[in-house]
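Q: Can you read through this structure? Questions will come right after.
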Amino acid sequence: MKRSCKTAKKKLDEEEDKIEEKEVHNKKKGKDDQLYDIEKDNDHYWKEHDFEVFTEDFEKGKPEKANDEIKIATYNVASWNAAMKKGLNEFIKEENPDILCVQETKLQDGVNPMIDGYHCYFSASTAKKGYAGTAILSKEEPLSITKKINGKENEHGRIITVEYEKFYLVNSYVMNSGQRLENLVKRTTEWDKDMREHLKALQKKKNVIWCGDLNVALRWIDVAKPMTRLRCAGFTKEERASTNETIKELNLVDTFQVKYPKKRDFYTFFSFKDKSKTAGWRLDYFFVSKDLVDSVTQIYRRKEISASDHVPLIIHIKK
């Protein structure tokens, strides 16, 4: 997805002031840890703590999946039809995930492509043709499926939830706050709130895996040139704080941080102009309920796949 930054409107600056006031208030109460890494928003912190650039990509092969594991992939394809022409089908055959979560399909309502060997579920935008949309491809037929968020219809098809025996899988394409941050308040006060309540209701029943393009780089080291991105959609304090509220409230765990606690620059989104894929954003995630953390055996990206401006992200998890 194309990303550019422009000066925010006065009311957005006022919203930022409110966030900063809340940070000070929370800090005085000993609750500053509730805001995701905002106190660490400087190069000095990350250099001091010796984070190393991630280099463990599997460009000449990939980890083999054990018989007692499930392979789940998430991929923002930036258009299903365009990605199919750029090798998406070949990626599916070669990677052979048990479950594939797709974002930004841009398919019209009622268009449901079939992939051999998979049960295919698509959620399209009904408000705007050829926009947003999500899909889940699953070898195993889920016990249930819903395209609602917190009991509400989602007119842009940004979410699909499927139920399996041991967990719920939530595939989401979180709304973008906009080039001028015109959707920032709606994203943080409406979308994020609904997602939080949706996940909370599911987790009361079973463990949850939440994945997809969350349209937020949570840490200073999750985006190239962070000092230039502070008022960019996907890296504002408001978005990071709101997403962290969901993570904290549900006690969810970032699988990448668990497996690679001292690694940085694990980007999953790159501009099409960045052919070397060196300066990007980490926008795609697998969050899991705490009880599932020890079951995750692998997490990796397929950086060499170029069917989209994102790259596929894959986990292996024990059955």
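Just so you know, glycine gets a Cβ as well, placed from its N, Cα and C.
Copied straight from TrEMBL:
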| type | residues | note |
| --- | --- | --- |
| REGION | 1-35 | region 'Disordered' |
| COMPBIAS | 19-35 | compositional bias 'Basic and acidic residues' |
| BINDING | ASN76, GLU104, ASP213, ASN215, HIS310 | Mg(2+) 1 binding site |
| DOMAIN | 78-310 | domain 'Endonuclease/exonuclease/phosphatase' |
| ACT_SITE | TYR173 | active site |
| ACT_SITE | ASP213 | active site, proton donor/acceptor |
| SITE | ASN215 | site 'Transition state stabilizer' |
| SITE | ASP284 | site 'Important for catalytic activity' |
| BINDING | ASP309 | Mg(2+) 2 binding site |
| SITE | HIS310 | site 'Interaction with DNA substrate' |
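Burial and contacts for the listed features, if you can.
A: The DSSP secondary structure for GLU104 (Mg(2+) 1 binding site) is coil.
The Cβ of TYR173 (active site) lies under 8 Å from the Cβ of ASN76, GLN103, GLU104, ALA132, GLY133, THR134, ARG158, ILE159, GLY212, ASP213, ASN215, each of which sits 6+ residues away along the same chain.
In the three-state DSSP classification, ASN215 (Mg(2+) 1 binding site) falls within coil.
All chains included, 25 other C-beta atoms sit within 10 angstroms of the C-beta of ASP284 (site 'Important for catalytic activity'). In the three-state DSSP scheme, ASP284 (site 'Important for catalytic activity') is classed as strand.
Secondary structure from DSSP puts ASP309 (Mg(2+) 2 binding site) in coil.
Counting every protein chain shown, the number of other Cβ atoms lying within 10 Å of the Cβ of HIS310 (Mg(2+) 1 binding site) is 26.
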Q: Given HIS310 (Mg(2+) 1 binding site) and ASP284 (site 'Important for catalytic activity'), what distance in Å do their CA atoms have, once rounded to a whole number?
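A: Rounded to a whole number, the Cα-Cα distance is 8 Å.
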Q: ASP309 (Mg(2+) 2 binding site) to ASP284 (site 'Important for catalytic activity'): how many Å between their Cα atoms?
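A: For ASP309 (Mg(2+) 2 binding site) versus ASP284 (site 'Important for catalytic activity'), the Cα atoms are 12 Å apart.
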Q: Just name the most isolated of the binding-site residues GLU104, ASP213, ASP309, going by other Cβ atoms within 10 Å of its Cβ.
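A: Looking at the binding-site residues GLU104, ASP213, ASP309, the Cβ with the fewest others within 10 Å is that of ASP309.
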Q: Any idea what the model's mean pLDDT is for the domain 'Endonuclease/exonuclease/phosphatase' (78-310)?
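A: Here the predicted model's pLDDT, averaged over the domain 'Endonuclease/exonuclease/phosphatase' (78-310), is 96.
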